[in-house]
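Annotated features, as they stand in TrEMBL:
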DOMAIN    34-65  domain 'Amino acid permease N-terminal'
DOMAIN    99-608  domain 'Amino acid permease/ SLC12A'
DOMAIN    771-983  domain 'SLC12A transporter C-terminal'
TRANSMEM  94-115  transmembrane segment
TRANSMEM  127-150  transmembrane segment
TRANSMEM  220-239  transmembrane segment
TRANSMEM  246-266  transmembrane segment
TRANSMEM  298-320  transmembrane segment
TRANSMEM  332-355  transmembrane segment
TRANSMEM  415-437  transmembrane segment
TRANSMEM  468-487  transmembrane segment
TRANSMEM  526-542  transmembrane segment
TRANSMEM  548-567  transmembrane segment
Amino acid sequence: QCCTPALVPHTPVSFDQSETHQDSKQDLRSPSIYSVIDTVPQLDFYINATATGRYRRSRPSLEVLRKATDVHANFTPQGGANNRRKAAAQPVRFGWITGVMIRCMLNIWGVITFLRLSWITSQAGILLTWLIILMSVLVTSITALSVSAISTNGKVYSGGAYFMISRTLGPEVGGPIGVVYSFANAIGCALHTVGFSETVRDLLIEYNAVIVDPVNDVRIVGVATVTMLLLISLAGMEWEAKTQILFFAILMVSFVNYFVGTLIPATPEKQSVGFFGYNSEIFVTNLMPNWRGPEANFFQMFAIFFPSAIGILSGANISGDLKDPEIAIPKGTLMAIFWTTLSYLGISWCLYTYVTDTCVVRDASGSMNDSISGNVSCEGMGCNLGWDFSQCEMNQTCKYGLANNFQVLTTVSGFGPLITAGIFSATLSSALAFIVSAPKVFQCLCRDNIYPYIGFFGKGYGKNQEPFRAYVLTYFIAVAFILIGDLNSIAPLISNFFLCSYSLINVSCFHASITNSPGWRPSFKYYSHWVALFGVVISVVLMFLLNWWAALIAFGLIFFLLGYVIYKKPAVNWGSSVQAGTYNMALSYSVSLSGVEDHVKNFRPQCLVLTGPPNVRPALVDFVSSFTKNISLMICGDILMDNDKSVVPQHNIEALVKWLNRRKVRSFYTPFAGASLREGTRSLLQAIGLGKLKPNILIMGFKTSWQECSPHSLEDYISTINDTFDSNYGVCLLRMMDGLDISEDTEGEGQIPLRSGPLTRNEDHRIQKDHVASDDTTKEQIHTVFQNNQGKKTIDVYWVSDDGGLTLLVPYLLTRRKRWRQCKVRVFIVGDQQSMEEQRKEMVSLLQKFRLDVHDVIVMTDTERRPHTKNMMRFEETLEPFRLRDGLMEEVTVQELRKDFPWKVTAKELEALRPKSEKKVKLNEIIRRHSKDAALVLVSLPVPQTDCPNILYMAWLDTLTSGLHCPALLIRGNQQNVLTFYCQ
């Protein structure tokens, strides 16, 4: 991929070495001076095995280095003699001259050079034609610099522009441009094939051998030609390269022939078609524009000319067939631009300006009868040269001259058939380059599996993995555009698509540069991110100036494909600059936020959720995600309390993160080793988070096994709540009727719940062996009640104690979700019978000021009454196993019992706290009476006090939420305001 470490430029190493050389390199490996199992730096350790297809050798892990001794070390790098692959047939590879420079030059010297540049000059004039050439060269040169930077930032494989953009900006941008760029190359094949067909048609007309009519002849010849090019491409890259060299040689001969022809004096036959040799008057006349036709303007001429400069990526498109793409692409592309620019400014500028434009008039009849002698009265440039073309100029019937004859080069040259051969070479070589480039790019896109239903075209055949199926697809697309049969109609379309591709290449270079990623280290240094940005702007502006509707179509297609990729989120990770940019933004915003004072208006419930492995308590994960997703921070904490904390399997952590992602839960997952729940939670509360992005609420599941667990475990649980309050955090305890832990259920069904904690050697071996099976396990999502639509049920809030408003904020955030939107929020408050209505109005007024949509406020006036006797007896029976029978014992005996059983409750403590116990039981009666059909019940969590035994406090919590068939949340803020009705 593009962002892998770049090789040292001075000592390039090819990945396509013979197997013998690889084996000899392996034999020469030596251990580090520190240990015999520690290895020295090697290239094979950095190879991307997926991209190269080679077996990746790995260095010893830290665990191996720490645990193994030199005496007993027997480490052998993977991929040793037993893993050597059999030598395969080596594919054909090209250097920077034949693979890039010649290919780019042939593609640039295309149909426009021979068939349209003279006509463009007649329309735009010499000065504006120079401007068109320089603007085109400016865009392509900037893009070439960006391509050179990207291609030297790591190993480049097949896929050309798509590969470079996708590996730099990611699949979201790379996927759309891969489709558009492949399509543009297919249209480019049609463009140059139509140019070739026009030349053949003109020859057929000249020799009276018209097949059907001028338009259909272009179509017939075009389809036959592109079929021939397809057969050459199917023969393989080696034959295609030999054909391109032949075309290059013919093209050079035709250029020399053209130059020689300009030095030969014009014959009367040539003068009749407008060629007169050097003449300053012709030069001055052709200096300024002479627009003809309703759509003739500067940008229309630019749109027609620009395809003559789009061949700069021809070498990059076959990057997979180059010997050393990192050197060949920048060197060959820049040299091609240099020589073709000289040709345009040397041949097209000097020869066209000082030869063609000073030799050929804009209009000529081609009739020998139009020659004049003596003092014959006439008008026009031809009169001064002995020819009267005024009649055909007035009637607009002139068939020759710069403005009317596309075959001016044939007229000027020394031997016309050589120019025809040059046109054939230029058009066919460009068409051949495009019909090869489009399938290569599309094959890479298909193999990345970004879009569905196109993988069929990605299959490769032979030693070069030729995409024969993609060749056939490109053929049919080219045929469809060849049937248009008009070169001037196809050229603007291809200009927009290529300008769009160039803008995204420059975006890639610019974005990769400004992210300051350590992985952006191109060995090509002669680029600037500001120049790349300028290339983006000028490319987009030119797109709309050339053809606004074609530009809208191009961008519309890209945004549609972009939206699809963003929605599907393909499982690829190429280390794109978008990821680096996201990191930079997150880091910058986090640092900036650290200097901002907290404000109650911006309070968000940032939750540390003690889920353990998240897939073991999915209901707890779903509940917290319901009010934090896209709003605030959620961190799933997993306290590891095993003895061996040295090894945490990374693949299990990744699997749990994937489980969260598949469940569409926006949460972090953090395992943490601790001797106990209390120690681990305390450490997490102190260390977790970044700046302002740290939790302010601890959420745990209710300890349903508190009556069966060990006293130490219960002490650990209650102490965790105490420590959380001491740290000024809010606390929430979620209780479900059937509990939260589903690990026993999943094990009973044959599923293995994933853990992130330390594993024994046997467990680790088993999980590594069944790693694929564990990945499949993460796909099996357990459905919970919080994933259901809650309908028109109620969310009952028992706001018994004022905690700053957190008890009200959580249900408000829940009702903003689609599943909870129809639920009605009811608030229950404590009051007395005499002032019940007044208290209700005060609470309604307060809630209205908070702008909370509360359906009803209910005043509980019976909280001071004694609970039912049977309910109180049930509460006392719950505590019976934990009571210390000290009623008739002496004080010394009681103290000894307290020392042996510190967790038990004495009769004195129970009697002293009896009024509080009765209130908890009474409140539970009220809750069960009013909220039996609620979707969720929220009750203010009592704060544990120092004089309250842990067992008694746990019994209170159990009593408050017992007998409920809906989820219940015991909630308590940190006594600081999280709601306000002020604007500042």
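Every residue number used here counts from 1 along the chain in the order it is shown.
Backbone N, Cα and C define each Cβ position, glycine as well.
Residues 103, 106-107, 109-111, 113-115, 160, 185-186, 188-189, 191-193, 195-196, 199, 203, 225-226, 229-230, 232-233, 237, 240, 243-244, 246-248, 250-251, 253-255, 257-258, 261, 311, 313-314, 317-318, 407, 409, 471, 474-475, 478 of the same chain sit 6 or more residues outside the transmembrane segment (415-437) yet have a Cβ under 8 Å from a Cβ within it. Here the transmembrane segment (526-542) sits apart from the transmembrane segment (220-239); fewer than 3 CB pairs are under 8 Å, leaving out pairs fewer than 6 apart in sequence. Note on the transmembrane segment (220-239): residues 92, 94, 189-190, 193-194, 196-197, 200-201, 211-212, 318, 321, 428, 431-432, 435-436, 439, 462, 464, 466, 468, 471-472, 475, 478-479, 482-483, 485 of its chain, located 6 or more positions outside it, place their CB under 8 angstroms from a CB of the stretch. Long-range contacts of the transmembrane segment (298-320) within the same chain, counting only residues at least 6 positions beyond its ends with a Cβ under 8 Å from a Cβ of the stretch, are 94, 96, 99-101, 103-113, 116-117, 120, 123-124, 128-129, 132-133, 135-137, 139-140, 143-144, 147, 151, 156-161, 163-164, 185, 188, 191, 237, 289, 328-329, 332-333, 336-337, 340, 430, 433, 436-437, 440-441, 444, 465, 488, 491-492, 494-495, 498-499, 501, 542, 545-547.
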